[in-house]
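Engineer: My structure is below; once you've seen it, I'll send some questions.
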Amino acid sequence: MADRRTFNVVILGLGFLFIFTAFTTCGNVEQTVVKSLQNNTFTGSGYHSLGIIYGVFSFANLLAPTVVAVIGPKCTMFLSGLLYSGYIAVFIIPSTWSFYLTSVLIGIGAAMLWTAQGHFLVENSEASTINRNTAVFWALLQCSMLFGNLYIYFDWNGKTEISDGSRKNIFLSLLVTSVLGTLSFLVLRKSHNAEELLSEEEGQSLLSTRMMYKHRANSAVQDAKLEFKTMLQLLKTKTILLLSPCMAYSGLELSFYSGVYGTCIGATAQFGEAAKGLIGISGIVVGIGEIVGGGLFGLLCKNNRFRRTSVVFLGMVVHFVAIYLIFLNIPDDAPVVFYTSTQSKPYLAPSVSIALLCSFLLGLGDSCFNTQLYSILGCVYAEQSAPAFAIFKFIQSVFAAVAFFYSGYLLLKWQLLLMVILGFTGTLCFFVVERVQNLSANLQEY
């Protein structure tokens, strides 16, 4: 039985590794690809597409638990994987309407996929194995930032323009990778608990399949209503209100490192023929920063209040150093230029080493904030963890969507300034919550 569950967890991680190798690489380069299209009829924007994805994702999360409860996590993940593959396929023969339609669909698919993933991981874990299984899954997932971006580096290095042939080859490879990840979900086996539940449902009465699904749907809708009410109640609590700026900041910096910064590097004229290839290397280095930070702070410092504030403070400092270096190293018009490379000159002569150092610091700082937000929510809302995490993902996704929409219009300095203001505010509010929790714990001891 343990072998079956371990098999499921590994296959789940591999499926996500393949799918997100395709999607993460796509998100990192899509604005650069859109700018290079030799197609006068295409008017889409990579920033707007990513904004739509995160915007739809934030609201689709409210409905996702109901869908997963009715059709099951395995089927949900397979269908969601097909939506991810459809989005990748659009870049092979791009058109504006299909580009934005699949952006909406993948936003829905993402909500279903992540809800089903959480459900399936818990279903295949016990109290003694949940930490190990979560670590295995996240280790495989984080590797998704490495392989696709490495391919981008080797294919784009030395190129100033992305040809149609190069674009098609890249996205055909990413499509195959995504389809492999989607098909791997079909190999997943039913856990022992799921089999018992199924036989119980079959044995209770000779209900038709239609009646069984109707019963599941009614039960799921009731659960969804209850969870939604709980979310509304939690939104009014001081803890969630105080943590909201920190959650919002995690959304801004998510959009910056996952879609904007790579585009800025690729548009920097001073990097010459190396600029496009550096987008891939930047994505890899961000991934290394995420892996290092997740390993150090997620595993070594969990459930330690003092260290939680220390890690968040470190995350703020790391990000502010990165933001200052980016301000000095990258041209101000890098996010907004479309058909040409940058025209303005930064304060320093652009350095590849500094640019990649900033990529590492962005990934490291992101892991600091995310691991500690998960930690404090799990600590404060141990009995209401699902609604609390849903609120976190909702706020994070909304602000990521907003950031992607303004990224194509605001100069780099204003985007960085917004991140500094919200990052500083979010860190202060996190400290206040931690202080309140410490005082409450001390009072309970007396």
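The backbone N, Cα and C atoms fix where each Cβ goes, and this holds for glycine too.
Feature annotation from TrEMBL assigns transmembrane segment to 7-25, 45-64, 76-93, 99-122, 134-154, 170-188, 239-257, 277-299, 311-327, 347-365, 386-406, 412-433.
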Engineer: What else in the chain is close to the transmembrane segment (45-64), if you only count residues 6 or more beyond its ends and a Cβ gap under 8 Å?
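Structural biologist: Same-chain contacts beyond the flanks: 27, 30-34, 99-100, 103-104, 106-108, 110-112, 114-116, 224, 228, 251, 255, 258-260, 263, 390, 393-394, 397-398, 400-405, 407-408.
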Engineer: Please work out whether the transmembrane segment (347-365) lies in contact with the transmembrane segment (277-299), by counting C-beta pairs under 8 angstroms that are 6 or more apart in sequence and asking whether there are at least 3.
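Structural biologist: By the criterion, they touch.
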Engineer: Is it the case that the transmembrane segment (7-25) and the transmembrane segment (170-188) have 3 or more CB pairs under 8 Å, with pairs at least 6 apart in sequence?
Structural biologist: yes
Engineer: May I ask which of the stretches 134-154, 239-257, 311-327, 386-406 has the most CB pairs under 8 A with the transmembrane segment (412-433)?
Structural biologist: 239-257
Engineer: Between the transmembrane segment (134-154) and the transmembrane segment (277-299), are there three or more CB pairs that fall under 8 A, provided the residues in each pair are separated by 6 or more in sequence?
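Structural biologist: Yes, these stretches are in contact.
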